Structure formats: structure tokens, C-alpha cells
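Peer 1: Let me give you the structure first, and then I'll get to my questions.
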Amino acid sequence: MQDRMKVSSLQMSLLVGSLLIASNMNTMPTAITMAAQQDAWYAYLFPIPYGIGMAYLMWRLARYSPEKNMYEIMQQACGKWIGGLMNGILIAYLSVDLISQLRIYSDFFNSSILLRTPLIYILLMTMLLLAYYAGGSMEHLFRTNVVFITLFLSFYMFMPLFLLNEIDLNKLKPSLSSGIFQPVKGGVLALGSFTDLIIFGAFLHHVRKPRDIYMAMKMGVIYSAFMLTIWLFCVVSVVSPILSSRLIYIGWILVQQIHITDFLDRIDLFLISLYVPVLLIKFAALYIAILTGVASFTKQKKFDFINLPLGIVFTILAAITFDNTDEVSLFYAFGIFPISVVVQVLFLAALFIGMAARKKKSMPADMGITGYSIGVWLTVAGAIVTVLAGSTVGNMHGYYGTICASLFVILVVLCVYLSIRDYGTGVRRNG
Amino acid sequence: MVDIGFIVVVLFLMIGSGMVKWKNMKNNSSKAMFFTVAGVIAVLIVVCINRKNYSIMNLPFMRGMVMSMYHLMKG
């Protein structure tokens, strides 16, 4: 049921982490290392401006109509027919996204963990869980997420420590020596994996104050990019860029490389038990966003009656829409980005043109709070300039690339620190 | 892909869902949506029983887009 329960900005921020981190850990590094080779670990720097931009757009939407979600605002701004068509396009895009991710997840389970379980059974069980979450209040999902993502982050942040005896820094070299296109190509693919952020538009009616969503998404995007940078650093330095570009479930291979002691040799099983709930929370959020969109076509604005039937449709579609694992991995890594760009540009352009045409006279005044956000922008810009400058001169001398890589690490850590400080300042000022 | 066990479970879930949620479907648009989705499920099951995979990648436009992106990134 579509509820109007409010959630805190911290809960919102932690959901950004669930949305972006877990689903991009297993198969995306394969595509990114194929495109960017040893420079793959710079890739997640490039989606940060997109993520902050999306946070800004969500804030503007929440400010325009505080108690409404993106689908309702679209119908209000563009009318019943054009708004309905745009909502339909966005729902179709989100459905394709969910179906491909569900298939990747079930193929992974089917080929790595539950070898004798039929694919359709894994899909159906997953879908029933998602339907259960969608049947409850959105606050349940946010609260569950807080527990799991906190544990998940606290363990996965120490991956470089767990893998200390396996990391070979020579695999990262020659750093930034293959020209400017290599890190940019990785960045484009990474950008495609961050496009799920648009689903926060479906949760705008849960936001207490419009500014909350900007602060939450901004911090969430930056720490997610940081976590994925750590992850890609481990992938490249442990597995090597050549091998990781040929393995589909590289994330699973990576956690299996942890050999701390004989007793902790199977720590991968413990880590995957944290990974799966976070991934399921992401699917649940995506599924609820789709259901919220479908509910916007009914008079009651409720989706409880359509929850399970639509889940069954997604189950069957996930089973038949792709022939094999290779196909779905290719589609998710290389196909989602162009589709996302077209759909999101079309949807957001229509939305903001519609909003401009029906400009409201009064909006909540929450523009005053600034904090130290210029620091975040400076560090992000500095890191991008460092990577681009490094790739321009990196082929001249090996140490140019090493210096730029070190500067990149310093700037990214600083960016995370400043974003958390901004968030703290924002929360204190907002009360 | 889809066997008789899956079809029975789906039938059970659909009938159960319809019975429980029928009183919540207070207008015709809700009922129409429910039966449309039920129809889609029926069509999909018939497709699945024929054991044919209708891959999205068999669409020439989709395959062209994904593979050109792949070659661009690989090259």
C-alpha cells in the first residue's frame, strides 16, 4: 500500500548506499575492467556529479510539491495523458532494469551457490520476498536497510585489510598511461550503473523536508562511489585487470581470495550473507518504485491488489527475457546506460518543462542552508582533473601516473570527509 | 523453464490474491488492472510452456545498441 510515512534523511542516505553499492559489485567490475583495464578503479569518480545533479533535481521536485511523489508531480505538471505516457515510459525502463538485475542475481545463485535449484524457483522465492516488503510500510524497508547496510559497509570497508596478503600494487601499474579515453570509458559504464537513482523520485512523499533528500542523496552518492572505488581497487590489484575482464562474477571470486587464517578461510560465506540482504533491499526499493508508478494510474493510488500478480509477471519475464548469463551481463553492463540516458532525459525534460509552464506562486523556503558544499565540489573537480591530467602525461614517466593516483586517493578521501561534514552541518541547521 | 509445479503455485497465488484483495478493488480501474495482469501471466505461461525464450537481445535494435556499446568500450 502506498503509505505517507516519513523517513529521516539518514535512512534515505543509507538507502542510496544499498541502491548503488551491492548490485554493482559482482558483474559490473568485469565490464569496467574490460573498458579501463588497470585504470578501472578511477571509474566511480565520474558518476558523482551525475548523482549530486540528480539529488538537486529531486530536491527541486520535493520543493515544488512536498507531499507528492514524482509520478504524481508528472501528472500534475503535464496532465493526465502526456504525464501518464511519461510515467509509463519510466515504469517500463525501471521494469527492464529490475528484470535484468533479478536475472543476474538468480543466474549467479544458480551457478555459484544453489547449483541444483531451478532458476524459476530462485526467482519466485525472491519475488515473494519483494512482494512481502511491498505489502508493508515503506518504513519497514528503510529500517531493515539501516541494520544491514551498516553491517555491510563496516565489513566491506575493510576489504583491503582482509586482502592485504593478496594485493599486488604492480597490477595497478602503469597507472594512467593509456590515454584519456581509458578512464573515461570506465566512467561512462560506472555512470550507467548509477542511473537507478531516479527511483528516489518515487519516495519523495516520504521526505520530511525538501532539503533532506538533497543532503541524503549527496552523501549517499559520494560514500557509495568511495566504496565502489575501494572494491575496484581490490579487484584490479588482487585478480589483475586482464583476468577480471574475463570473469563474470568477479565479486564472488574476489571474496574467495580472502585467506587470513585456516579458521577464517571461508569468510566469503559470511560476507555473502551480508551482501544478499542489501541486494534484496535494492530490488525491493526498485519494485516498490514500479508499483508506486503503476498505482498512479488508478483512482485509489494504492498498489496492494496488484503487488503479487505483477511480481509473478516479473518472475516469468526474468526467466524468459534473456537466453543465458552472458547475454544478461552484456545487457546490464552496456545496454542500460543508453536506455537510461534516453528515458531520463525525456522524462525529466518533460517534467521540468511542465513544471515551468505551471509555475507555483509559493514554495517552501529552504534555500538558505549551504554548509561547506563548495569543498565537495572542489575535491570532486580536483580528482577529475587529476585523473584527466594524469592520463595525459602518464605515458611520459611512470611516476607521473603514480603521483596522480596518490593525489586522486587523497582528494577522494577528502571528498567523503567533507560530504559527511556537510551532512552533519545540514542536519544540525535543519534541526 | 516453467513446469506444472510452477503453474499450480502461480494459480494458487493468483486466486488467493484475488480473493483477499477483492474488497480493496473498489473501482473498475483497479479490477481492470488486476485482470489485465492476470491475462499477461496466462500469455507468458503459454509462451513458457512452449519452451521458447523470447530474448530481448533478439531484437535487432537492442542487440545493435548493446553490441555497439560493447565494441566502443572494448576498442
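Yeah, the Cβs are placed from backbone N, Cα and C, and that goes for glycine too.
Features from TrEMBL:
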- A:45-62: transmembrane segment (TRANSMEM)
- A:82-101: transmembrane segment (TRANSMEM)
- A:113-134: transmembrane segment (TRANSMEM)
- A:146-164: transmembrane segment (TRANSMEM)
- A:184-204: transmembrane segment (TRANSMEM)
- A:225-249: transmembrane segment (TRANSMEM)
- A:269-291: transmembrane segment (TRANSMEM)
- A:303-322: transmembrane segment (TRANSMEM)
- A:328-357: transmembrane segment (TRANSMEM)
- A:369-393: transmembrane segment (TRANSMEM)
- A:399-420: transmembrane segment (TRANSMEM)
Peer 1: Using a Cβ distance cut-off of under 8 Å, indicate which of A:45-62, A:184-204, A:269-291, A:303-322, A:399-420 has the most pairs with the transmembrane segment (A:328-357).
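Peer 2: Comparing A:45-62, A:184-204, A:269-291, A:303-322, A:399-420: A:184-204 has the most Cβ pairs near the transmembrane segment (A:328-357).
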Peer 1: Short question: which residues 6 or more past the ends of the transmembrane segment (A:113-134) have a Cβ under 8 Å from it?
Peer 2: 102-103, 105-107, 140-141, 144, 272, 280, 283-284, 287-288, 291, 303, 307-308, 311-312, 314-316, 318-319
Peer 1: Are there residues at least six beyond either end of the transmembrane segment (A:45-62) with Cβ under 8 Å to its Cβ atoms? List them, or say none.
Peer 2: 70, 73, 183-184, 186-188, 190-191, 193-195, 197-198, 200-201, 204, 207, 210-211, 213-214, 216-218, 220-222, 224-225, 229, 348, 351-352, 376, 380, 383-384, 387, 408, 412, 415
Peer 1: Please work out which recorded stretch in A:146-164, A:184-204, A:269-291, A:303-322, A:399-420 has the most C-beta pairs separated by under 8 angstroms from the transmembrane segment (A:369-393)?
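Peer 2: The stretch with the most contacts is A:399-420.
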Peer 1: Output the single range from A:146-164, A:303-322, A:399-420 maximising the number of Cβ pairs under 8 Å to the transmembrane segment (A:269-291).
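Peer 2: Most Cβ pairs under 8 Å with the transmembrane segment (A:269-291) come from A:146-164.
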Peer 1: For the transmembrane segment (A:184-204), which partner among A:82-101, A:146-164, A:303-322 gives the most CB pairs under 8 Å?
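Peer 2: Of the candidates A:82-101, A:146-164, A:303-322, A:82-101 scores highest.
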Peer 1: I need to check the long-range neighbours of the transmembrane segment (A:82-101): which residues 6 or more away from its ends have a CB within less than 8 Å of a CB in the stretch?
Peer 2: 23, 71, 74-76, 196, 198-199, 282-283, 286-287, 289-290, 293-294, 296-297, 314, 317-318, 321-322, 328, 331-332, 335-336, 339-340, 343, 346-347, 350-351, 354
Peer 1: What same-chain residues lie close to the transmembrane segment (A:399-420): Cβ under 8 Å, and 6 or more beyond its ends?
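Peer 2: Those are 42, 45, 48, 172-177, 218-219, 222-223, 225-226, 229, 372, 375-376, 379-380, 382-383, 386-387, 389-390, 393, in sequence order.
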